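Worksheet for the structure shown next.
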Ligand code: ADE
């Protein structure tokens with residue numbers, strides 16, 4: 001997968017050299033190109049922003065540097081045999097970045113990120129490139145960052161670990177919180193490793209039992225416990241058909257019951273967590 005990032009803070013993207021993303025690059029799974037937007041400014045002050053039409057606070061990033069930067073890197077990519085770029089525009093006004101979207105992006109051969117500073121980029125830039133390629137406007141959460149670079153790091157890490165040959169064990173995706181399948185919409189429960197006793201704290205006996213069925217059940221109960229506590233909205237969105245008899249018993253213990261129409265679950269009583 002090819003990744004291009006255009007930014008006024010190329011050094012902000014240094015973490016792309018470390019850890020999992022760094023390894024993916026070293027293994028040739030990721031071909032990362034970070035570009036300094038100011039290379040496409042032609043005035044003495046390397047201006048990338050200007051005042052907003054219509055007034056208001058803050059500054060808006062100008063069309064020309066973005067257009068010239070994107071044209072240049074796209075031409076370079078096409079010349080070197082890359083195809084089907086998609087634009088990823090980090091913005092608090094975008095669609096929520098989810099595991100599902102990470103999977104979708106991981107299946108594309110070429111992602112071009114445009115992290116903005118200030119009040120964002122002149123809208124015409126997105127409108128222009130949307131005529132040539134898919135555009136994903138994504139938000140990594142309901143808060144406002146000073147710029148989109150941290151969002152690029154977040155999206156890149158979530159995508160890179162899904163690329164074939166990047167995570168050692170392909171099974172490690174399977175039980176991810178938010179992974180599709182039986183655990184869809186449930187958060188992963190707690191995990192333990194050696195030693196079996198630490199500061200007087202033991203690990204749950206079931207994990208030492210060697211009984212795969214019971215361990216799987218325990219993990220699912222813990223996932224239900226954690227999800228009801230931390231993300232009740234996820235349980236409310238679940239299809240009740242995804243819950244087996246044991247799930248229902250656990251949910252009932254946790255204070256959740258089916259709606260009269262059987263479609264949704266809701267908390268009917270608070271329980272001590
Ligand atoms: N830029 C500023 N805030 C952001 C957010 N929450 N997600 C993505 N990009 C952003």
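Each residue, glycine too, has its Cβ placed from N, Cα and C.
It should be emphasised that the depicted structure is a prediction, and the values quoted were computed from it without experimental measurement.
Taken straight from TrEMBL:
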{"type": "DOMAIN", "residues": "1-236", "note": "domain 'tRNA methyltransferase TRMD/TRM10-type'"}
{"type": "BINDING", "residues": "140, 141, 142, 143, 144, 145", "note": "S-adenosyl-L-methionine binding site"}
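Among the binding-site residues 140, 144, 145, the residue whose Cβ has the fewest other Cβ atoms within 10 Å is 144. Using a 10 Å Cβ-Cβ cutoff, residue 141 (S-adenosyl-L-methionine binding site) registers 11 neighbours. Confidence for the domain 'tRNA methyltransferase TRMD/TRM10-type' (1-236), expressed as mean pLDDT, is 94. Selection of the binding-site residues 140, 141, 142, 144, 145 by a Cβ distance under 6 Å from ligand 1 yields, in sequence order, 140, 141, 144, 145.
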